[in-house]
Amino acid sequence: MSNTEKGGLHRVRNFLSCRQVLNLLTMLGFMLNYALRVNLTIAIVDMVQTNETSSGNATLTGNGTALNGTASPDGVDVNEERFPWDSYQTNFVLGCFFWGYILTELPGGRLAELIGGRRVFGHSMLWASLLTLITPLAAHINYVVLIVVRVVLGFMLGASWPAIHPVAAVWIPPMERSKFMSNMMASSLGAAITMPICGYLISVAGWASVFYLTGAVGLLWSLAWFTFVYETPATHPRITAEERREIEEAIGTSTSKKRPSHVPWGQLLCSPAVWAIIICHGLAVFGFFTVVNQLPTFMSKILLFDIKKNGLFSSLPYLGKYVMAVASSYLADYLRKKGTLSTTATRKLFTTFALVIPGLLMIVQVFLGYDATWSVTIFSLALFAHGAVTAGYLGNGLDIAPNFGGTIFGLANTLSSFGGFLSTWMVGALTYKDNSFHSWQIVFWILAATYISGAVVFAILGSGELQPWNNPPERVKISDINQEEGVPLKNEK
């Protein structure tokens, strides 16, 4: 390396630490993670035939779909294929994502603990981006082909969320982990940005364009991730000795120097603290996924927003959620560092706030949700409050067992995946024959009950204490190759 190159590298290291680069790419990764998921929730509004299309103002193709020639507000003619799906079929397409998603949650978390979160998280996003690019082709071929693509997309993205916990366990000091976990809520920021962009793209270039854009950006992110992120500080070629030492000394022995070769399943599954995370996450995400998947449809069918307003106003709650996630995470870490609150008290306080407030707001939505202004305000406030889960239960697995954070979150997200499919089925069943505000009132009552129940469970069972089974005795000898990434930084010359 020339002196000029070395000088440039030195300036980059002074500008951004390796942890800051990791934080930035993790934030962008979760933004794209949700963009790859929610692009369909807004595009599907324009993918399905309207009554006008069905009545004959369109050319039918060989497979029964309709080819529309429409003019956008900008004067651009958009010829696109629309599909004769009813409410049940539409919700089925949205919900089938979770069939694949549920299969890789637990294996993905455990795999990341064994081979490293960088590889698991990076490859899940890479393949999901490629599948997003072929989604329009799949829809044009056949309804079943589209379902298969969505299932495989879920299969790939399912491993991404639990995979980030093993990354945090080896890279992020314990008192900074709430802030790092707030990067996961960048998924909401991704949804907030994706929705208005999707609305605009659909109006000028057709619904297929949103899949091409999000898929291409996902490929670019994958390239950056594999270039700048490494499994551990010990294997990073650009990290400074000071940063490596700081990370090593802060983490100490809470994260094992060697990756545990087995999971103490008996102790893990008998731990009330683990079940507090699993149950709370399942109930909370049931509510969140219902809003994520159904908010665009509710605003289109009940509040009668056009596609541009749909994208703009649907994005507002997600912006609020991300702001709360970052603010509450910084506050939580501050309170813990100062000793004002214990980790247990901090997790319970923020979890209660993040779930009880949305539950109460869903009750308000039952009575005021027929008004567009009230509805947007209530959803925005509900998701704003829900963002505090990053300071609550979301990173709690790293408190109680950092060596098995991926496994614990994989279990929790598996249950929440059932809830994700159940929520889309529930809305489809309730609105199939009667897509009225009265039917949606039932949905809001169910959401209120699930949110509040999650808070109660965590308040009773939750804990922030490191569990004794976090460092189980090894059953087998681990080869030196497998141990390499766990070598303490301070012991290396």
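Including glycine, each Cβ sits where the backbone N, Cα and C put it.
The domain 'Major facilitator superfamily (MFS) profile' annotation in TrEMBL covers 21-466.
According to TrEMBL, the transmembrane segment annotation covers 21-45 (among others).
Residues or ranges marked as transmembrane segment by TrEMBL: 125-145 (among others). Beyond the ends of the transmembrane segment (125-145), by six or more residues, the same chain brings 29, 32-33, 36, 39-40, 47, 63, 65, 81, 83, 85, 89, 93, 152-153, 156-157, 160, 207-208, 211-212, 214-219, 221-222, 225 to within a C-beta distance below 8 angstroms of the stretch.
The feature transmembrane segment is assigned by TrEMBL to 151-172 (among others).
Summarising the annotation, TrEMBL assigns transmembrane segment to 184-203 (among others).
Annotation comment: TrEMBL describes 209-230 (among others) as transmembrane segment.
Sequence annotations record features per position, and here TrEMBL assigns transmembrane segment to 268-292 (among others). For the transmembrane segment (268-292), same-chain residues at least 6 beyond its ends with a Cβ under 8 Å from one of its own Cβ atoms are 38, 41, 191, 317, 351, 354-355, 358, 362, 379, 382-383, 386, 389, 393-394, 396-397, 400-401, 404, 407-409, 411-413, 415-416, 418-420, 422-424, 426-427, 443, 447, 450-451, 453-455, 457-458, 460-463, 465, 467, 469.
Feature annotation from TrEMBL assigns transmembrane segment to 312-332 (among others).
Within its own chain, the transmembrane segment (353-370) has Cβ neighbours under 8 Å at 280, 283-284, 287, 302, 328, 378-379, 381-383, 385-389, 391-392, 437, 440-441, 444-445, 447-452, 454-455, 458, counting only residues six or more beyond its boundaries. Residues or ranges marked as transmembrane segment by TrEMBL: 353-370 (among others).
As annotated by TrEMBL, transmembrane segment applies to 376-396 (among others). Taking Cβ pairs closer than 8 Å, the transmembrane segment (376-396) reaches residues 165, 168, 177-178, 180-182, 184-185, 188, 273, 276-277, 280-281, 284, 287-288, 291, 295, 313, 316-318, 320-326, 328-329, 331-332, 346-355, 357-358, 361-362, 364-365, 368-369, 458, 462, 464 in its own chain, all 6 or more past its ends.
Taking Cβ pairs closer than 8 Å, the transmembrane segment (408-430) reaches residues 87-88, 90-92, 94-99, 101-102, 105-110, 158, 161-162, 165, 268, 274, 277-279, 281-287, 289-290, 293-294, 297, 397, 400-401, 439-440, 442-443, 446 in its own chain, all 6 or more past its ends. If you look up TrEMBL, you'll see 408-430 (among others) marked as transmembrane segment.
As annotated by TrEMBL, transmembrane segment applies to 442-461 (among others). Long-range contacts of the transmembrane segment (442-461) within the same chain: residues 272-273, 275-277, 279-284, 286-287, 290-291, 294, 347-348, 351-352, 354-356, 358-360, 362-363, 365-366, 369, 392-393, 426-427, 430, each at least 6 residues beyond the stretch ends and with a Cβ under 8 Å from a Cβ of the stretch.
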Mean pLDDT over the domain 'Major facilitator superfamily (MFS) profile' (21-466): what is the value?
84
